[in-house]
Amino acid sequence: MSRRNERGCRSSSWYAMSTALAVTIWCLLACTSEVIAAASTPGTTPKAKTDTSSETASAETETATSGAATGKKEATPTQASKITGTTIVPFVNETEDMVSVDIDKYPYRVCMAVSTDLVRFGKSIDCINHTPKTPVQEGIMVVYKENIVAYTFEVITYHKDAIFQRSYADTTTNYFLGTSVTKMAFPIWELDEVNRNNRCYSAASRILNGEVYVAYHEDSYRNYTMVLVEDDYRSKNSKRYVTTKSRYHKGAWTWRYTESCNMNCVVVVTKARSNTPYEFFVLSSGEVVEISPFYNGENSEPFEEDTRNFWIRKNYTMKTYFGELAAPKKVVPLMAFLEREDMTIGWEIFPKQNVTCDWKKWQTVSRAIRTDTNTGYHFVSKGLTATFVASKRKIDYNTTTEGKNYNTFRCVYDEFVEEVNRVFEDEYNETHVKDGELEMYRTTGGLIVLWQGLKAKSLHNLEKFAALNNVSVATASPPVTTAATENGTTVRSRRKRSFDNLDDVVTDISYAQLQFTYDVLKDYINDALRNIMDAWCRDQKRTAEMLKELSKINPSNILSAIYERPVTAKLAGDVIAMSECVKVDQSSVKVLKDMRIFQDGKVVNCYSRPLVVFQFINSTKLESGQLGENNEIMLGTFRTENCDTNSRKIFVVGTVGYEYRDYRFRNVTSLEHIDLVDTLIGLDIEPLENTDFKVLELYSKGELRASNVFSLDEIMREYNSQKQHIRTLSAKVNDNTPSYLLGLDTFMQGLGVAGKGIGVAIGAVGGAVSSVVNAVTGFLTNPFGGFTTILLVIGVLAVVYLIFTRPVEYFFPYATQTAVQYAPPGGAHGGLESGPPGAPGLHRRVNAGGSDDSGKAWTSDKKGLERTYTEQDALLILRALKQLDDSQRNEKAQQKATRLPTGILDRLKGNDTSGYQRLPAEDSDFEY
């Protein structure tokens, strides 16, 4: 309502014509009452310490008062003042002053017009271009690594297995005692038979201590050819051809040892490995041959074997493969054979440069960058997250490599050209052209970088246009070769690089990723610093020009901002005179809230800046002035302006601003709500982007495994094939040898030849005893054998009984036969017969018919002759019986000795004298 009343009072003439008279009178009465109330308020000037709310309320009250005064066109007591020259000293009361804020950095001060020091602004600043001068070229990069995979080639081994098998036999079982295998090399003359006809001989000989020992297949004692057939066992790397799949063994006699021989020709087609520098090679079985696989008898390749056992055959004819008689043949330009004690090894000799390559392609980078540093080149690949560092010395891939008699890079040159052409046609054919020739560099990590530079077609056309118009165009790619001047002639020099220390080169690829990380960080930091330096220089240049021009308007403020402290300055021609400002008593400063100028109660003009009253330090005199920028007090109150309608002014004091509406204080405004004029030059710095490193595998697991010439897998597989090839005897020979026999055999063999012979004898006896015992035990445990044994026991008991009952008939069988009559020496009839010498006289009676009656004398009476015999007589009788037994046995022996052989006719004629005797006449069944 007060603002409406104020506007109504200011335009009363126009408003009276358009509104009713009653409203005009009511406004005048209201304004008069407010002016009287304000004039009656007494005032002193205390140190006001009101907050923002009280100040706002005071401002609203005083706004209404000033409006009423204006309406009545009367001078208000607040504007009663005295004029001293051009300075108006205002009257101050507690409702029209306020305390300033933020005087720490910019205290209240008075800057004098008199200056003593002279300063000036410099000339225009020249900004240096900080663009890096590092030449950069884009292109195609192919990276090659050292080939660590071993050279693998085919090797044929020839040997004969002389297999000796020993066994022992008793009555029921054959015992297998063991096998010994002797490997013997093929003689060189027999290799032709094997390689050309797929046959080998069945005999083998060996010289031991100057003696020749010969072994024959199946103990045949014949030397004939046998056909090679493929063995049942095979592997990925080896094929075996043999002549004997089943082993022969001759059974032993009972209680005897036997040993048989099998001759097996074995041809193995296998693989061998050799790695740089190719001084030896290793077979899949683990055999090491100290000869370079490329030694041909004329070159300087390593050779450490016995030359007497080494042969090289030129244009050698042999089978393409073994196992078939009808297999085709081939001609080998160079075939090498090495004879050892246990085998003969053969392999084909190839030129080294045709079958080996020291380098292998690792990565193809279609978009690569080459930067030229002071000491070398950096080949950067963002796709690989790697940087390869190389010297500027190029490698000539068209010349012979130092230390070798051939060019080691020719094997990769064609591949590189093909790869570069493929990438160029696929990605760059429409936009780029090739820049320069193919270049080769050796990196610090032992890699080979093949580089093909590229150039955009637009730049290429610009260079061609400049060349036609004799205008030089600076390119980013510097010359890659150095030149020396001799006698006015430019001579290009290139030094060969030695690869003798190739083994000392570190092949770890992690260094390349570390180098890439460093290059990325370096480029990022350098770009940021370059942007900062450029922005800083441009800002300094602009600021200097602006300050120079602004100093012509307000030199004090400009220099205060430059020196960051309050100073006073004024122009003195083309220079500036500067001096320090004088501080005032900070607690005595009062800022008035009303900026209007009244005369006779009427607003006649307005101050352009707020009024200030203050006191100097150590002074009690009240001074007046106007508030300048940053709390500067400008002496005098002559800075006025015409009052504007709807005026709004904000005066900055520290971090806040005093807001005046229609030249009267309204409130304290925070500067945060007032937008700043953006004079900051943008700093082009972006956060470092994330880089995920790729896992670069320079050599795969397969390559690392293949680089080792000793392949454990192949050696074990070859060993297993040998193990499976050893078979036991067939069912004819049972391996159930008792442990004690094996132990005894081992013990006796350890004693030498004599012990071996003793062992054979002991083994025979022990084996016989063991066989008998085992036979008896087996016979008794058999039912039939047990029954037979019982019958035999019964028979033996019967015989014993008969012997016991008839001892004379058993012991003296001839006593029951018809005896020859003994005639007495004196005649046919005599007294007592004369018996054997020393025998007692025997009485014999002879009948008239010539019959003997003596038997009756012994048998007629059971008591016999009534005669008593002494022990001496019994002894004489036993002796006589012994003599009689001996004479009978001798007689039978003489009859057998004198008996002539008789045939069937003699037997029929009756001339057989085989022991038959004619019966006596009295005993004959025939009558005469």
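Just so you know, glycine gets a Cβ as well, placed from its N, Cα and C.
Feature annotation from Swiss-Prot assigns compositional bias 'Low complexity' to 51-70. What Swiss-Prot records for Asn93, Asn223, Asn315, Asn354, Asn398, Asn429, Asn470, Asn487, Asn618, Asn667 is N-linked glycosylation site, and it gives sequence analysis as the kind of evidence. If you look up Swiss-Prot, you'll see 167-173, 252-259 marked as region 'Involved in fusion and/or binding to host membrane'. The motif 'Internalization motif' annotation in Swiss-Prot covers 916-919 and is backed by sequence analysis. Taken from Swiss-Prot, the feature signal peptide covers 1-37. Annotation source Swiss-Prot lists topological domain 'Virion surface' at 38-783, citing sequence analysis. Annotation source Swiss-Prot lists transmembrane segment at 784-804.
Everything Swiss-Prot records as a feature, shown here on the structure.
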{"residue": "Asn223", "record": "N-linked glycosylation site", "Cβ contacts under 8 Å, 6 or more apart": "Tyr201, Ser202, Ala203, Tyr216"}
{"residue": "Asn315", "record": "N-linked glycosylation site", "Cβ contacts under 8 Å, 6 or more apart": "Val331, Val332, Pro333"}
{"residue": "Asn354", "record": "N-linked glycosylation site", "Cβ contacts under 8 Å, 6 or more apart": "none"}
{"residue": "Asn398", "record": "N-linked glycosylation site", "Cβ contacts under 8 Å, 6 or more apart": "Asn407"}
{"residue": "Asn429", "record": "N-linked glycosylation site", "Cβ contacts under 8 Å, 6 or more apart": "none"}
{"residue": "Asn618", "record": "N-linked glycosylation site", "Cβ contacts under 8 Å, 6 or more apart": "none"}
Three-class DSSP assignment, Asn667 (N-linked glycosylation site), comes back as strand
The predicted model's mean pLDDT over the topological domain 'Virion surface' (38-783) is 76
Per DSSP (helix/strand/coil reduction), Asn315 (N-linked glycosylation site) sits in strand
Three-class DSSP assignment, Asn429 (N-linked glycosylation site), comes back as coil
Taking all protein chains shown into account, the Cβ-based neighbour count within 10 Å for Asn667 (N-linked glycosylation site) is 15
Across the region 'Involved in fusion and/or binding to host membrane' (167-173), DSSP labelling yields 0 helix, 3 strand, 4 coil
